[in-house]
Amino acid sequence: MRLLALLLMVGAAVAVPREDGRIIGGHECAAHSRPFMASLNYGYHFCGGVLINNQWVLSVAHCWYNPYAMQVMLGEHDLRKFEGTEQLMKTDTIIWHPNYDYQTLDLTSCSSSSTILWKVTHAVAPIPLPTSCPVAGTPCSVSGWGNTARDGDEVYLPTLLQCMDVPIVDEEQCMKSYPDMISPRMVCAGFMDGSRDACNGDSGSPLVCRGEVYGLVSWGQGCAQPNYPGVYVKLCEFLGWIERTLEAYP
């Protein structure tokens, strides 16, 4: 059985990809309450991802500097210790979206195989793709293991999975925050007062709304900055490509 990872990123040339990532203003998730959460790592956590079916993980392409050395860990909560719930996969194939462009449209898929076969448990389970596009004000949540310190503070990387509730930001407000940088493939979420945000190391982590994954942490202006909400990949815009890719690798 293969585990396949599908990677997407929508960014802008002057934006800051959130490679080191963080959840600012969040709290520890209930253990294994996000069974779809994946940790991408090179022996240490580097980016997030999300399990979307029995063999695919979704994340953002800018996380994969050396994809063949990357491991995909499922069933994690506490990164410090072995909990007995973890299931590990390794990458063996990368497939780029035909319109790949790091500055504007960055989509990649990679397939992985392992002698360790993952199975659904209380700690490992997929989440559905969106059945609609996000609407302003929709309550959502984001999770990750990224830095929890604000800009200018000493970096603090939590070992316990962090969660945070965020609303979808109105498209007009999103475009005002990032003039000429927001495309139809992006969606903003967060608080305009800068009180809560996802950031670097949380890249690729899922934005979950109404039990479906609506977006992936992508980029932003700093972290938890007033008037600059987080920018996410808008997954509803990529459903056709995702479905075609999954069909090509049954």
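We number each residue from 1, going along the chain as drawn.
The backbone N, Cα and C atoms fix where each Cβ goes, and this holds for glycine too.
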According to Swiss-Prot, the disulfide-paired cysteine of CYS133 among CYS223, CYS236: CYS236
CYS209: disulphide-linked cysteine among CYS140, CYS163, CYS174, CYS188 [source: Swiss-Prot]: CYS140
Disulfide-linked residue for CYS163, taking Swiss-Prot as the record, within CYS29, CYS47: CYS29
Chain-internal residues, separated by at least six, CB under 8 A from CYS236 (disulfide bond): PRO130, SER132, CYS133, PRO134, TYR214
Length of the line joining the Cα atoms of CYS63 (disulfide bond) and SER203 (active site, charge relay system), in Å: 7
Cβ-Cβ neighbours of HIS62 (active site, charge relay system) (radius 10 Å): 21
Neighbour count (Cβ, 10 Å) for CYS163 (disulfide bond): 18
Inter-residue C-alpha distance, CYS188 (disulfide bond) and CYS140 (disulfide bond) (nearest angstrom): 11
Candidates CYS140, CYS223: member of the disulfide-bonded residues with the richest Cβ shell (10 Å): CYS223
